[in-house]
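To start, the structure itself, in structure tokens.
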Amino acid sequence: MENPPDQTESKEMMLQPRITRPKGGLLTMPFIIANEGFEKVASYGLLQNMILYLMSDYGLGLVKGQNVLFMWVAATNFMPLVGAFLSDSYLGRFLTISIASLSSFLGMMVLWLTAMLPQVKPSPCVASTVTKCSSTEATSSQLALLYFAFALISIGSGGIRPCSLAFGADQLDNKENPKNERVLESFFGWYYASSSVAVLIAFTVIVYIQDHLGWRIGFGVPAILMLLASIVFVFASPLYVKRKATKSLFTGLAQVAVAAYVNRNLVLPVHNDSYGCYYHLNDSELKAPSDKLRFLNKACVIRNREEDIGADGLALNPWRLCTTDQVEELKALVKVIPVWSTGIMMSINVSQNSFQLLQANSMDRRLSDHSTFKIPPGSFGMFTIIALIAWVVLYDRAILPLASKIRGKPVRINVKIRMGLGLFISFLAMAVSATLEHYRRRTAISQGLANNANATVNISAMWLVPQYVLHGLAEALTGIGQTEFFYTEFPKSMSSIAAALFGLGMAVANILASVILNVVKNSSKKGGESWIEDNINKGHYDYYYWVLAILSFVNVIYYIVCSWSYGPTMDQLRNDKVNGVRGEEQEEAVKLN
């Protein structure tokens, strides 16, 4: 008896293998970018006006409050290195981002409680000003709760920021795609731009809520957004490409340093093509180390194969014998440190937002003489983000296509040129800031406002826009350039650390910014007053900005030296190789003709 046709077809369909959709790809981008975006809206929305919260609700002076923020931002930017280490070595990127999102949410909840519960902070000020309160100062336990909230938020940022970029690249990275490098370059730019849109929302919407609806709602909204970020990211878990964590990367780097020192008396082979002399895994493409930083090559020299390598092909003592891949990873890290250090000065300049906020607060923030709407002082940072986004769009969609069309071949601006140009623009931004502050202060004194820091000087705050725009262009060129530079120069196994290095530069920059601030304040005291005062009209912030401008100019010269000594990048070497092959093909074609 034969089966009915519909039953036969049903059985055949059940026997056919199910076609599963490949994981990763563009479908995962909205979830990853949404998580990063919500985190940035929440964290940057809290940071922008935080100096006002510390001064008005916790009774901290400008310098002490700014030092607290410098340390918080430093911790927030240092933690990505820890997050990258845990992600690459133990947890994997997906789990790291998930745990970090929860930590950020809890931190924002604690910060929201400081605004909701009167007993966890000093009694309210008698006068609502941005100068130091005359009320009781915060107790150690009150400050401890505040710092605990900051710490949880920093831990969350440390897991999300380095891993999101690398996790997104994991979804798109396809070596079989001939346009893979162009896809990744475009992804880096657009990812940075989308993150900047999130920061733009933080600088406008969140800051406006805090200014007009108070801290309770202003801190509550970021907490809700962070909760949404966590839910959205975890919801798409089945769609992601999840690379497994490898062994501890930092341990491997330390092993290379120790092994190179232990083997310091070994004589290196004359030529690096003596593959049998160097230890490498069977599946490794790197059979011998490079000639650069050759003293580290001693870490992978095989002294006695029977005594150094076990029957399974692994080193018996990894602290005396390392693989060629490990050696090259440490070389890559050591090699980029000078170039990485040049971005610190730009980050110091960008971190001066609290002083710029006080400048904007003392100026006429109306859009026109007939307008009643005032731009919140904390929202002027949006012009930096607008400039950054505009550059990314123009560079990716107008400048490069036009240049390629004119030259008749694909054109790219070398990453080292972009980074150098960004550092020079950062110098110009500080010079413009110093010039404008000199004019603002002189006008305030001429109008009899020297002792009134809360009065409005008859100068439009829109004059602050050029310096914000210059900071945006500098960050677009150097910030995106450094991220791309690290990612292309490092092995794939170090991708999260590559993303975290820019944040580490921000961490070091904020610590140095705190040092510079305290040195300038203490060394410039004259008659009891210094260049840095709570009353912006009595201080000399223009002199402080000129100090930063001079340091920035010296940094440009330092970058030129570092860029020259670094030599060609991986992209330059790859392009030279491609051009060499094309040249040989053209010569062969000429000979045949």
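Numbers here mean position along the shown chain, with the first residue as 1.
Backbone N, Cα and C atoms are what each Cβ position is placed from, and that goes for glycine too.
The structure displayed is predicted, hence computed values, not measured ones.
Database features, via TrEMBL:
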| type | residues | note |
| --- | --- | --- |
| TRANSMEM | 69-87 | transmembrane segment |
| TRANSMEM | 94-114 | transmembrane segment |
| TRANSMEM | 144-167 | transmembrane segment |
| TRANSMEM | 188-209 | transmembrane segment |
| TRANSMEM | 215-241 | transmembrane segment |
| TRANSMEM | 375-395 | transmembrane segment |
| TRANSMEM | 415-436 | transmembrane segment |
| TRANSMEM | 497-520 | transmembrane segment |
| TRANSMEM | 543-567 | transmembrane segment |
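Of the ranges 94-114, 188-209, 375-395, the one with the most Cβ pairs under 8 Å to the transmembrane segment (215-241) is 94-114. In this chain, the transmembrane segment (415-436) does not touch the transmembrane segment (497-520); fewer than three CB pairs sit within less than 8 A of each other, excluding pairs fewer than 6 residues apart. The stretch in 69-87, 94-114, 144-167, 375-395, 543-567 that contributes the largest number of Cβ pairs under 8 Å to the transmembrane segment (415-436) is 543-567. Contact check: the transmembrane segment (69-87) against the transmembrane segment (543-567) gives fewer than three Cβ pairs closer than 8 Å, residues 6 or more apart, which falls short of the contact criterion.
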